[in-house]
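K.L.:
Got a structure for you, written out below as structure tokens; questions coming shortly.
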Amino acid sequence: MSDLLDDEFYEEEFENDLLDASEFEDEFDEDAEIDDDGFTVERKRRRAHSVSYRVVSVRDLRASLNEKINQLTSIIDLTREQVLGLYRYFKWNRERLLERYIDAPEESLQKAGVGLSGSKQREVVHHEGTCEICYDEGCLPFFSAECDHEFCLACYRQYLDSRISEGESVIQCPEESCTQIVSIQSITKVLDEKSLDRYHRLLDRSFVDDNDHLRWCPAPDCEFAIECHVTQASLSSVVPTVTCNCGKQFCFGCGHDNHQPTICPLVKIWLQKCQDDSETANWIHANTKECPKCSTTIEKNGGCNHMTCKKCKYEFCWVCLGPWTEHGNNWYTCNRYEEKSSTSARDSQSKSRASLERYLHYYNRFANHEQSAKLDHELYEHTHKRMTQMQVDSNLSWVEVQFLKNAVDILFQCRQTLKWTYAFAYYLARNNQTEIFEDNQRDLELAVENLSELCERPCQDCSLSVFKQRVLDKTVYVRSRRDVLLDDTARGLAEGRWEYVVDV
């Protein structure tokens with residue numbers, strides 16, 4: 001990236017290093033074409049719950065960036081620095097850039113901080129003067145960007161280093177009132193090699209961060225990005241799950257781990273609810289009741305059944321929830337369970353408790369599959385040892401015992417899917433579509449438990465070949481049940497069949 005704006009760098013041809021990471025999907029190659037961002041995109045027939053995406057390397061990102069700048073400089077008479085500044089200001093939206101620039105070229109350049117021509121080469125010069133930052137005087141090395149605001153070289157370098165350390169890739173002139181962006185050529189003249197390398201990595205990141213169709217893989221130390229053209233507006237009808245070359249699977253829309261079949265808006269609501277409710281929900285359910293008048297949660301801290309709500313001062317009976325005025329002097333016993341006022345209060349509380357019990361039903365199953373998925377991760381180590389032992393006990397090669405690891409892989413995927421089916425089901429309105437969804441959910445859950453049990457128990461009751469065939473058959477079946485559930489849910493999202501109890 002150090003030669004980002006050199007002509008030779010722009011003209012250099014890169015091999016197509018785009019790698020397909022959709023190894024978990026059944027797909028068929030068709031003709032390839034070039035998209036608007038310069039990436040090679042292969043059109044494929046995919047499952048209903050899959051989306052088109054590409055994994056791109058830093059090398060490809062830089063090639064695409066250079067190509068975009070080259071294309072625009074051939075249309076409008078600007079330097080590469082100015083085109084780069086415009087692109088970054090308009091978030092790499094070519095159409096919006098051209099529209100605004102054609103309508104108001106000078107204003108667009110000024111807002112982008114590249115209004116001044118960058119054709120003049122900036123050099124460090126020595127002369128008598130005073131630095132306006134440190135106020136050193138004498139014959140000093142001075143430097144200025146395209147705006148000609150001059151400061152001593154040491155201060156300029158320190159200023160750039162501090163901005164880069166703060167993660168900034170668009171750096172304005174040190175002059176307080178100046179909006180001019182310091183060009184890449186100018187920064188190259190001032191910084192040492194180590195600082196320049198950090199700056200160029202920031203440029204790479206900004207290209208992805210500012211582009212709606214690109215997202216960095218969230219895996220630690222992974223340098224791949226994902227290119228996907230699913231828009232934010234469509235996230236209520238599609239779950240754009242992608243898989244990086246490093247193996248990380250995540251949602252392109254929100255960046256969370258794969259949460260199919262639940263759409264991103266529901267994921268956000270569910271996670272917030274879990275954070276707010278789950279830690280205390282069980283305790284509340286067991287130890288508290290709600291005021292029949294204002295519904296404030298109340299904990300009983302003594303033996304007396306005469307309760308007074310601290311919030312609204314309403315007096316009621318802890319046992320039957322009726323007004324205390326109807327209880328006379330029977331402070332520690334209650335025989336008025338069938339009174340109309342008590343029944344009404346209990347009905348109100350019953351609805352509230354039913355809502356809490358419904359939430360706990362879905363949350364407990366959500367949490368159970370999350371815990372099971374973590375245990376399946378531990379199963380990998382056990383599986384590796386078991387695969388090694390299989391080779392010792394038979395004449396199978398390492399490739400031939402991969403069926404066991406593949407089974408654990410699909411188990412983990414299905415646990416993740418099942419976990420999120422409960423979040424999705426919690427927000428579904430009850431109708432025929434919900435019944436079908438729960439049938440598919442039940443079938444997948446049963447298939448997963450059968451495969452999990454088979455993988456964990458020793459194969460003492462049958463030969464290795466029979467055991468292998470059983471695992472292969474159940475793995476295929478589990479994968480097919482997952483596809484059925486996800487495909488049906490995805491089609492329902494696309495067709496608008498799902499109805500929710502919350503607004504999304």
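Just so it is clear, glycine is given a Cβ too, placed from its N, Cα and C backbone atoms.
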K.L.:
Examine the ranges 291-320, 411-440, 471-500 and name the one recorded by Swiss-Prot as zinc finger.
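P.N.:
Here Swiss-Prot associates zinc finger with the stretch 291-320.
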K.L.:
Within 8 Å of the centroid of the Cβ atoms of CYS217, CYS222, CYS244, CYS246, which other residues of that chain place their own Cβ, given that this set defines the recorded Zn(2+) 3 site?
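P.N.:
Once CYS217, CYS222, CYS244, CYS246 are set aside, the remaining close residues are VAL55, PRO218, ALA219, GLU223, PHE224, ASN245, GLY247, LYS248.
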K.L.:
CYS254 (Zn(2+) 4 binding site): which of the recorded positions HIS149, CYS152, CYS294, CYS304 is the nearest Cα neighbour?
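P.N.:
Its closest listed neighbour, by Cα, is CYS294.
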K.L.:
Cα-Cα separation of CYS304 (active site) and CYS244 (Zn(2+) 3 binding site), in Å?
P.N.:
61
K.L.:
Please work out which residue of CYS131, CYS217, CYS254 has the most C-beta neighbours within 10 angstroms of its C-beta, and give that one of the binding-site residues.
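P.N.:
When each Cβ's neighbours within 10 Å are tallied, CYS217 leads.
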K.L.:
By the count of other Cβ atoms within 10 Å, pick out the sparsest of the binding-site residues CYS294, CYS317.
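P.N.:
Among the binding-site residues CYS294, CYS317, the sparsest Cβ neighbourhood within 10 Å belongs to CYS294.
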K.L.:
Could you count the residues of the zinc finger (131-178) that DSSP puts in helix, in strand and in coil?
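P.N.:
Grouping H, G, I as helix and E, B as strand yields 13 helix, 12 strand, 23 coil.
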K.L.:
Could you give me the DSSP helix, strand and coil counts for the zinc finger (291-320)?
P.N.:
0 helix, 9 strand, 21 coil
